[in-house]
Amino acid sequence: MNAGEDVSENSTVNEPVKVAVLGAHGRMGSEAVRAVDNAKDADLVCTLDHRDSLQQLVVSGAQVAIDLTVPSATEDNVRFCVAHGIHCVVGTTGWDDERLARLEQLLSEHPGVGVLIAPNFSIGAVLAMRFSAVAAKFFESAEVIELHHPNKVDAPSGTAARTAALIAQARQDAGLGPSPDSTETDPDGARGAKVDGVSVHSVRLRGLVAHQETLLGNEGEMLTIKHDSFDRISFMSGVLLGVRTVGSRPGLTHGLEHFMDLDA
Ligand SMILES: NC(=O)C1=CN([C@@H]2O[C@H](COP(=O)(O)OP(=O)(O)OC[C@H]3O[C@@H](n4cnc5c(N)ncnc54)[C@H](OP(=O)(O)O)[C@@H]3O)[C@@H](O)[C@H]2O)C=CC1
Ligand SMILES: O=C(O)C1=N[C@H](C(=O)O)C[C@H](O)C1
């Protein structure tokens with residue numbers, strides 16, 4: 001679905017879904033405000049940023065909140081929404097296993113509410129993650145390189161961490177051990193961060209938006225799975241797919257792929 005298309009699955013017949021955007025002045029938030037504004041069957045009822053009261057979500061009657069804030073704020077925001085029966089579409093990073101477990105517990109106490117945690121909303125990035133997981137078991141070595149704009153506050157990126165976790169799971173399922181690596185000394189972390197044993201390398205460079213490469217190696221060959229977001233518009237069809245679908249998917253959904261027909 002493209003930005004501007006129908007997002008009415010959450011709403012009663014012909015009633016637009018009422019949407020709030022948290023982090024509305026940010027790079028992603030401002031793009032999401034535009035996307036929701038342009039969507040025929042979504043009503044932007046509330047925009048919040050730093051230090052705004054979450055009570056405005058309740059007063060506005062928002063049915064779905066889109067969280068595009070910062071890792072330090074997103075958990076409290078989402079917990080508030082769930083407690084008030086507001087579905088959430090979350091793009092903010094920082095959702096580690098502990099946070100996800102706490103959220104699942106809270107959601108079990110609010111069984112009608114749906115939350116989508118999407119490490120990446122771009123269709124290409126979702127596919128690149130899936131392709132990386134599918135390919136992982138066929139290669140002896142696997143590493144991930146993510147490249148982003150220098151204003152990004154967290155490393156590695158949420159997408160890279162998720163990709164590495166999926167690769168690690170696929171390798172484990174296939175009975176593969178760690179990637180071969182004879183490094184004996186690495187005082188400054190030149191071999192990258194380890195996510196579930198998979199090396200992830202982070203680049204921050206002026207001019208970039210969001211880019212990632214999965215490198216998979218065997219003797220005599222390398223497969224590179226590469227994705228580039230050149231513009232934040234690339235995330236908006238996924239944001240709207242989340243808004244359209246989340247109300248009909250109670251509980252926690254981790255990854256936009258679960259709202260897509262990847263295996264059809
Ligand atoms: N899933 C995906 O596809 C994507 C996810 N992201 C993720 O989204 C998040 C936002 O990215 P980006 O837009 O670049 O970041 P920005 O820093 O541009 O935007 C974050 C915004 O959130 C505001 N904010 C901070 N705290 C709160 C709070 N408690 N309540 C409401 N708003 C708050 C900030 O305000 P102030 O500056 O005043 O503090 C700022 O306006 C990041 O975690 C990023 O990794 C980004 C792109 C795609
Ligand atoms: O901060 C960003 O810009 C992005 N953040 C997300 C992440 O950390 O994976 C998604 C995308 O890479 C852009």
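Backbone N, Cα and C define each Cβ position, glycine as well.
All TrEMBL annotations are machine predictions without curation.
Features reported for this protein in TrEMBL:
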- His148: active site, proton donor/acceptor (ACT_SITE)
- Lys152: active site, proton donor (ACT_SITE)
- Gly23, Ala24, His25, Gly26, Arg27, Met28, Gly91, Thr92, Thr93, Ala118, Pro119, Asn120, Phe121: NAD(+) binding site (BINDING)
- Arg51: NADP(+) binding site (BINDING)
- His149, Gly158, Thr159: (S)-2,3,4,5-tetrahydrodipicolinate binding site (BINDING)
- 17-121: domain 'Dihydrodipicolinate reductase N-terminal' (DOMAIN)
- 124-258: domain 'Dihydrodipicolinate reductase C-terminal' (DOMAIN)
- 171-194: region 'Disordered' (REGION)
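Annotated features taken from TrEMBL, shown on the structure.
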residue : record                                          : Cβ contacts under 8 Å, 6 or more apart
Gly23   : NAD(+) binding site                             : Gly29, Leu48, Asp49, Asp67, Leu68, Thr69, Val70, Thr92
Arg51   : NADP(+) binding site                            : none
Gly91   : NAD(+) binding site                             : Met28, Ile66, Asp67, Leu68, Ala118, Phe121, Phe235, Val239
Pro119  : NAD(+) binding site                             : Thr93, Met129, Gly158, Thr159, Ala161, Arg162, Gly255
His148  : active site, proton donor/acceptor              : Ser157, Ser202, Val203, Arg204, Leu205, Leu208, Val209, Ala210, His211
His149  : (S)-2,3,4,5-tetrahydrodipicolinate binding site : Arg204, Leu205, Arg206, Gly207, Leu208, Val209, Ala210
Lys152  : active site, proton donor                       : Arg204
Candidates near ligand 2 among the binding-site residues Gly23, His25, Arg27, Arg51, Gly91, Phe121, judged by a Cβ under 6 angstroms: none
In sequence order, those recorded positions of Thr93, His148, His149 whose CB lies under 6 Å from ligand 1: Thr93
DSSP helix/strand/coil residue counts for the region 'Disordered' (171-194): 3 helix, 2 strand, 19 coil
All-chain count of other Cβ atoms within 10 Å of His25 (NAD(+) binding site): 12
Mean per-residue pLDDT computed across the domain 'Dihydrodipicolinate reductase N-terminal' (17-121): 98
Neighbour count (Cβ, 10 Å) for Phe121 (NAD(+) binding site): 27
DSSP state at Lys152 (active site, proton donor), helix/strand/coil: coil
DSSP state at Arg27 (NAD(+) binding site), helix/strand/coil: helix
